[in-house]
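Worksheet: one structure, shown below.
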């Protein structure tokens, strides 16, 4: 009988304890101030890409702590969901685990739609503060034409739909999953559910302390590959104790995202290093939505990953005939070289260039440059035998469609 190794998985926020400390102290700015902080929209070619695509018709599954679909910037964006942990909301819309607000931060960066004339709110506070004295500084938003309104956060793919898939990531504050379902079990169940319920892209802003992954994950990631789904994963953060990239970012074919600081240089704190990194995207000075309609400044490759997942959604929307492998190759092939010439372990193939990735007349190879899970399984798990995916286990509820508010 093989001894089963338990994989320690963390959210890829810069420092989990630091993020937890940030959330109670976060005092959201007025919505126009929040939008003004989204420097990546202009600096990385996202606004230019919006002239041709905003993610229409694409569904992205966010495997995370759960998403608050009632956040004003996500109104109508979360169209379904589930809980893979056994401890969360059946629709995946209640935050659970070590950082309950993590999934909402990720979801708003990916597919936030903004809103119009939302009331300014005081942020959640650990103790009564007498209210915020911050003054709104109205500014004309150059991106106000996108999304559902000029206020709040507009994500990279503001017209994409989201699936909220909650998993329990344990930590010092949350403890183990009260339902007893391990991460080894939650992750493959979440991936398979996402595939079966129409995900074109899967975002995984979580990372582990090991480059290896449980064998129980193999068939789920193979299933996603065989069903033409793009998977994007955060590389992890050095400041959070992940000095090297860990699974799932090390899985063949998965698009692993490293982090950049505000100046576009590899983040000294918010990015791990490794040979599996594909591209680098902003991971510092980010802003995202929190459950209850709040906002917070944050950092980490947890934020870099949904920016890239959003780009995958833009590409799949504009070029629906492209395979998942070709979508990955577009993102990787158009990245701007940085660091040492060619591929390196900090930037991967380079810095994300969204306008180029969604541009026209771009020839891309058909085979995923980041590898194949099918080939890996055949070589390393089965001694040359052809991999055969297992049937979908009936361990999660069917999709529950969430009507727009």
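The backbone N, Cα and C atoms fix where each Cβ goes, and this holds for glycine too.
Copied from TrEMBL, the annotated features are:
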{"type": "ACT_SITE", "residues": "64", "note": "active site, charge relay system"}
{"type": "ACT_SITE", "residues": "102", "note": "active site, charge relay system"}
{"type": "ACT_SITE", "residues": "302", "note": "active site, charge relay system"}
{"type": "COMPBIAS", "residues": "388-405", "note": "compositional bias 'Pro residues'"}
{"type": "DOMAIN", "residues": "55-350", "note": "domain 'Peptidase S8/S53'"}
{"type": "REGION", "residues": "106-147", "note": "region 'Disordered'"}
{"type": "REGION", "residues": "386-405", "note": "region 'Disordered'"}
{"type": "SIGNAL", "residues": "1-31", "note": "signal peptide"}
Validating a neighbour-count step here. Other CB atoms within 10 A of the CB of residue 302 (active site, charge relay system): how many?
37
What Cα-Cα separation, expressed in whole Å, is found between residue 302 (active site, charge relay system) and residue 64 (active site, charge relay system)?
10
For residue 64 (active site, charge relay system) and residue 102 (active site, charge relay system), determine the Cα separation and express it in whole Å.
7
Residue 64 (active site, charge relay system) in three-state DSSP notation:
strand
